[in-house]
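Pulled from TrEMBL:
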type	residues	note
COMPBIAS	581-617	compositional bias 'Basic and acidic residues'
COMPBIAS	618-628	compositional bias 'Low complexity'
REGION	576-639	region 'Disordered'
TRANSMEM	6-21	transmembrane segment
TRANSMEM	33-52	transmembrane segment
TRANSMEM	103-126	transmembrane segment
TRANSMEM	146-165	transmembrane segment
TRANSMEM	177-201	transmembrane segment
TRANSMEM	378-396	transmembrane segment
TRANSMEM	425-446	transmembrane segment
TRANSMEM	523-542	transmembrane segment
Amino acid sequence: MSGAALGLEIVFVFFLALFLLHRYGDFKKQHRLVIIATLLAWYLCFLIVFILPLDVSTTIYNRCKLAVNSSPAESNGSYVTVAPSKQKCFKPWSYIPDGIMPIFWRVVYWTSQFLTWILLPFMQSYARSGGFSITGKIKTALIENAIYYGTYLLIFGAFLIYVAVNPNFNLQWSQLQTIGIAAANTWGLFLLVLLLGYGLVEIPRSHWNGAKRGYLLMKTYFKAAKLMTEKADAAENLEDVMEAIRKVSESIKYNHPLRKCVDTILKKCPTEYQERMGRNMDDYEDFDERHNSYPSEKSLVKLHKQVIYSVQRHSRTQVQWQILLEQAFYLEDVAKNETSATRQFVHTFHSQEPENKIIQYFYTPTVEWYWECLLRPWFYRVLAVVLATFSVIVVWSECTFFSTKPVLSLFAVFIQLAEKTYNYIYIEMACFLTIFFLSICVYSTVFRIRVFNYYYLASHHQTDAYSLLFSGMLFCRLTPPLCLNFLGLTHMDATISHKNTQPTAYTSIMGSMRVLSFIADGFYIYYPMLVVILCIATYFSLGTRCLNLLGFQQFMGDSEMTSDLIDEGKELIRKEKRKRQREEEGENRRREWKERYGNRDDSTRSRAVHTDQKESSFSETSSNRSLSKYTRSNGRTERDRIELLQDAEPLDFNADSVNDDPLELDSGRYQPGGRYLSMSRSNIFEGV
């Protein structure tokens, strides 16, 4: 089993990151480099979280082995026995051989730092650029990041000059490396505490409110009103951009040097706008630079950037509106079915997507009613209580983890109790649950926050490239300080425990923080206590109230604006519901009409065709006999029949009864509409 656990977790985490990226990104439309860079960033961060518990259990075993080797001992199979105390150091099932973890952590850490500080910021500017060539996009990205990179170079250069001039400092390369790591972790810890303080309160509260059907329905109405405003704004913005493109496309002719740029912009437009505007290639009118003013390439680059943004925003709001409608309809169905006497869940609308037969077999309407109306609210309440308990333990440990005598951090107490009995399964599970809960609190906040329309992670493949890359940057900057904070909570970091013991492999690559004592003994210990203030502010929704005062509508139960938006959203949902009901009723009527009269129409049509063939053959044999005798009367009768057909209007026009090919008609007359009418009896009365 040596190294097997490491290999299994590496594979599992890869598919987990791929699944999440597929949910938020779009593999078909977005650039491959954007997908690969985001996937690598997410994968490395998730990998650190999942592998760190294995590093902790391996370190505890190595500490035991070192203690045994320092005293008389004898080897006995898979463990080492100390003669005086009869102590046994069992090898954990997930033991990782020496030398693997330091190399693994070094590769993972420095790759993630290269991504977050160099590659991903450059790719953000590249993806958001409106250039028409690779060279132009790279140039734009370098210009936009010149200030970003120049600031870091200026700070680092000033620090090197200070070290070189000051004779009291004699720093080596390893110490400079440690200072760089400490600076990056300090920035990450500053943001980590802010996100953690929000997640520790909001995650339990969201699950507790998830048990309140009325609360969820009111919040959905509120979201519907806001989303409709955003949807209308996105549609209006798209129309304005398309109008600007239309004018540019009409002014720049087919042989203009910038026509290729215009064609590139048109390819990014929706299909209906492309068909409306066309490519302006049918006029063959030469351009004249002396008499007409044409937009510059710089203005086209700006217009191209606006097209990419407006099309993405419009598509996202359309998809989110449909998803929100389904959610609102479902919550209304739950509210109606709560008082059902049959205890079977009845949906107002059938699912548009085909459901799995296995799920339909087990998840019957009765099972669905018991889950949605009875069990699910209680499940969410119990889960909210468990998450709230974890949050209280985290807040307590963040405020007391610096105390080693006595040990006040509850996570450190749990790990030390398991370390005495060398219960590695318990150690790994306790470490995994702790760091997993911390990661959920931090990462879920990253997925929830929205910075206007520049950064927004939208599910169902609606996240743009800029937001995906930005999320990868945040993950890579937050994960290392998150892991160091976890090691501090469990007293596995020698800087916190003040013990001369073997450090974990992850801590060893970070170097000794004693190089910067004011950070190791000050900021790293006392700044996490700020999480208490942030939790209190989140509990009383101070941030939400401030945003509401600034004009950003937020869901607040005691606000008049919230009540107005809820009423507006409720009316919007009611209109959409009536519209969908009319569509389903029309579809049902058409289906019933087809099932009732479809076979009869087919048999009638076949009998009419058979009769027509008999009459045509009979008329051909008798026409020669009566032609000379009834010439005048037949001509009059023919004219009367044609006039009758011209004045007649069928009750049900069927395109199948009209033949567009004049060569296949027995007799007829050309109509102004461009068609011939057949003179056979079956075609006359087929509509009736």
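Glycine too: its Cβ is placed from the backbone N, Cα and C atoms.
Those TrEMBL annotations? Automatic predictions, nothing curated.
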Best-packed against the transmembrane segment (425-446), counting Cβ pairs under 8 Å over 103-126, 177-201, 378-396, is stretch 177-201
Spatial neighbours of the transmembrane segment (378-396) not adjacent in sequence (6+ beyond its ends, CB under 8 Å) are 196, 200-201, 203-205, 207-208, 210-211, 408-411, 437-438, 441, 489, 531-532, 535
Near the transmembrane segment (103-126) in space but 6 or more residues beyond its ends, with Cβ under 8 Å, are 6, 33-34, 37, 40-41, 44-45, 47-48, 51, 55, 137-138, 140-142, 144-145, 148, 152, 184, 466, 469-470, 472-473, 476-477, 479-480, 505-506, 509
